[in-house]
Amino acid sequence: MAKAECTPKWNTLALRNRKTCPTPEKSFQTTFTPVSKDKNSQTAGHLAGGDTQSSNGPSGQFLARESIESPSKVLLMLVAGLSFSTRLYMITEPPHVCWDETHFGKMGSYYINRTFFFDVHPPLGKMLIGLAGYMSGYDGTFPFIKPGDKYENQNYWGMRGFCATLGSFLPIFAYLIVLELSNSCTAAIIAATLLIFDTGCITISQYILLDPILMFFIMAAVLSMVKFNQQRYRSFSASWWLWLVLTGINLAGALGVKFVGLFVIILVGLNTIWDLWRLLGDMSLSLVDIAKHFLARAFALILLPLILYVTIFAVHFVVLNKSGPGDGFFSSAFQSRLIGNNLHNASMPEYLAFGSTVTIKNLRIAGGYLHSHWHLYPEGVGARQQQVTAYLHKDYNNLWVVHRQQDNNSQSGNPDLVRHGDIVRLEHKETTRNLHSHLHEAPLTKKHFQVTGYGINGTGDANDLWQVEVCGGRKGDPVKVLRSKVRFLHRATGCVLYSSGKTLPKWGWEQIEVTCSPYLKETPSSQWNIEDHINPKLPNISLSVLKPNFLEILLESHIVMFRGNSGLKPKDNEMNSKPWHWPINYQGLRFSGVNATEYRVYLLGNPVVWWINLASLGLYLTMVAVASIATQRGFSLGQQRIEHSLVLVRGGGLLMLGWLLHYAPFFTMGRILYFHHYFPAMLFSSMLTGLTLDILFRSADLLLHPPYSYWFQRAGQLLLLFSILYSFYLFHPLSYGMTGPLAHEPGSAMADLKWMDSWEF
């Protein structure tokens, strides 16, 4: 790999016999050292080491940038061309649904059709996918039922092309970030090359997924932050404000796609705290100037992202105004704002009465509707009686009929209202079995009692009786539909009907456990409201007064998303991976195809790239430790070694922190994890590798004398480039598609590439 370092220039007028290409040390002093007031540019660029404006102020910076501008632009164009060509190549293949396109393509369709749905992630990524589909002529009619479904004549290429375009910017951003941090074109091109020719980055960019959108905003935020750091010698200038505001915009974008965008917010926050701390130590700045710096950052990095993030949700709620499959996750009041929902502009009897047919919704967010079906609890799970669960979707099996304690006789005239303290029997409309509890333990919450469906056609026993309690009410108060919070107290055992929020196994259709809790403290899990209410003998009232305001639906949607995320637990026989698998490329992810006749795509990182990244993490720590020990022991390192140490500690430290923040938190997560969760961290790892290997090659003169050190440096770069390109040549079918026998089968063209038994291509 040819080294494209800054070309030395000689300024005979001002800096005779001195290179104008700044050393990395000076570059990083500019980045991290606080500057003085620069309103009049009198003291801008002053450094802790005593450098003056002429050497490292605006004019010095201009000369420095000029010295790398030409090779940098040429290399940037090369990076852009290779990146876009590798990502957009065969973008329409395979012409069927692949992996999570099932979810995110469907959600893009929901935006086009303005149909409300529920997802555990914030809406920006799906909104952009939907917009891309709409702009490219997709009409939102494809159902995205399951992987392998043929697209036929659908214009799916627009959504794939949009994701691939954003994914194509990742190597470009990596090049620019490393160039800023190291001032070395070689380090930048190594980082970009690792990403351009990584099969995993290509694959994850080519499909209708949130990952390329998320990584685009993460890398854009880091680039904006690094660019902003380089503008500090002219605070409050137009370019200073531009990069600061762009940082805030991209932070909002990252968080608006997935909540893991919080990790890059922490990275930028730590950088900002360090920046302000250094400014506080600059005695040439007044407290007023420091306050201005603080307020500017508070506006651009806190207030602006918050406004944009809330705006994303405002657009989300305006666009998705029609009832859809996500209604049941939300409260009755939330549903009343959705066109087509049975609660939208609806009218129904205001008070609950005996003989009414109702749905009963738990007040816990995502607590579900009281539900039953013909299936029984399996052997060994309490009494083998009919299952009673909570279900998050509208369903005929959510209907219950409210009966008196003693009889099931219809009445003439107006029926009696159900009041606080009344004893009722709830009969499941479809199966005619009564809501029942007894002293058997619940399936999952062992300290609670089991709830079942028992008896038939009104015949049961005393364990079918429940006392209605209106929370905050007094004896005789009627039960108001939608507005009353109601508890159902089991007469025989004294427990209270409860939705635990726990997901039942497959025998319970992965619905939510309903129990009878002996703990009588009032909580949303033990409170219910009557949602649907059918009783032709009672007059109806309008429910339009129930519509919530924006802040209420914003808060509720976040509670539902957080609980949905926490509920994503690994299921029996479901494929998932562990964080320690990821850096070693232990196991990939099948995107498409399972046999020899199908078009197979397999998400797996280029093993040479990933293992170089893994080795470079250890190499980086070793190099920093050696440099720190040498400095501490007073060894004379020389100017060049000092410059390398500064790049390693400051630029490399920032990238190492970014890698840790995007990787280490997954070890603490209880939710199900997949291989693709590592890719944001992999971006930082690749950039760190570029910086580390560049300094390693440039340090060859520690062991060898010129010209041998120069030859070693060039040989190392060429070997690295050849290894990356050749491994990409070998493994590129993983990204662009394979057919024929599987790797473990006789006659497979991929047999020799199955370097690890855990790979399943």
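Cβ coordinates are placed from backbone N, Cα and C, and glycine is handled just like the others.
Marked as domain 'MIR' by TrEMBL: 349-405 (among others).
Summarising the annotation, TrEMBL assigns domain 'MIR' to 415-471 (among others).
Confidence in the domain 'MIR' (476-533), given as mean pLDDT, stands at 91. Annotation source TrEMBL lists domain 'MIR' at 476-533 (among others).
The region 'Disordered' annotation in TrEMBL covers 26-63.
Per TrEMBL, the feature transmembrane segment maps to 172-197 (among others).
Feature annotation from TrEMBL assigns transmembrane segment to 209-228 (among others).
Beyond the ends of the transmembrane segment (240-273), by six or more residues, the same chain brings 121-125, 210, 213-214, 216-218, 220-222, 224-225, 227-229, 231-232, 234, 296-297, 300-302, 304-306, 308-309, 312, 561, 565, 654, 657-658, 661-662, 665, 677, 680 to within a C-beta distance below 8 angstroms of the stretch. Residues annotated as transmembrane segment in TrEMBL: 240-273 (among others).
Per TrEMBL, transmembrane segment is recorded for 294-319 (among others). Same-chain neighbours of the transmembrane segment (294-319): 111, 114, 122-124, 127, 236, 241, 244-245, 247-249, 251-253, 255-256, 265, 268-269, 272, 275-276, 550, 553-554, 557, counting only residues six or more beyond its ends whose CB sits under 8 Å from a CB of the stretch.
The annotation transmembrane segment is assigned in TrEMBL to 608-627 (among others). Long-range Cβ contacts of the transmembrane segment (608-627) within its own chain (Cβ-Cβ under 8 Å, at least 6 residues beyond either end) map to 194, 197-198, 200, 583-585, 637, 641, 644-645, 648-649, 652-653, 656, 659, 682, 685-686, 688-689, 692-693, 695-696, 720, 723-724, 727.
Summarising the annotation, TrEMBL assigns transmembrane segment to 647-666 (among others).
Annotated transmembrane segment per TrEMBL: 678-697 (among others), in sequence order. Sequence-distant contacts of the transmembrane segment (678-697), counting only residues of its own chain at least 6 positions beyond either end whose CB sits under 8 Å from a CB of the stretch, comprise 3, 170, 174, 177-178, 181-182, 184, 186-192, 194-195, 198, 200-201, 204, 211, 214-215, 218-219, 260, 263-264, 579, 582-583, 605, 609-610, 612-614, 616-617, 619-620, 623, 644, 647-648, 651-652, 655-656, 658-659, 662-663, 666, 712-713, 716-717, 720.
Taken from TrEMBL, the feature transmembrane segment applies to 718-736 (among others). Sequence-remote contacts of a segment are chain residues at least 6 beyond its ends whose Cβ falls under 8 Å from one of its Cβ atoms, and for the transmembrane segment (718-736) they are 1, 89-90, 93, 190, 193-194, 197-199, 202-203, 206, 588, 601-604, 606-609, 612, 693, 749-750, 753, 761.
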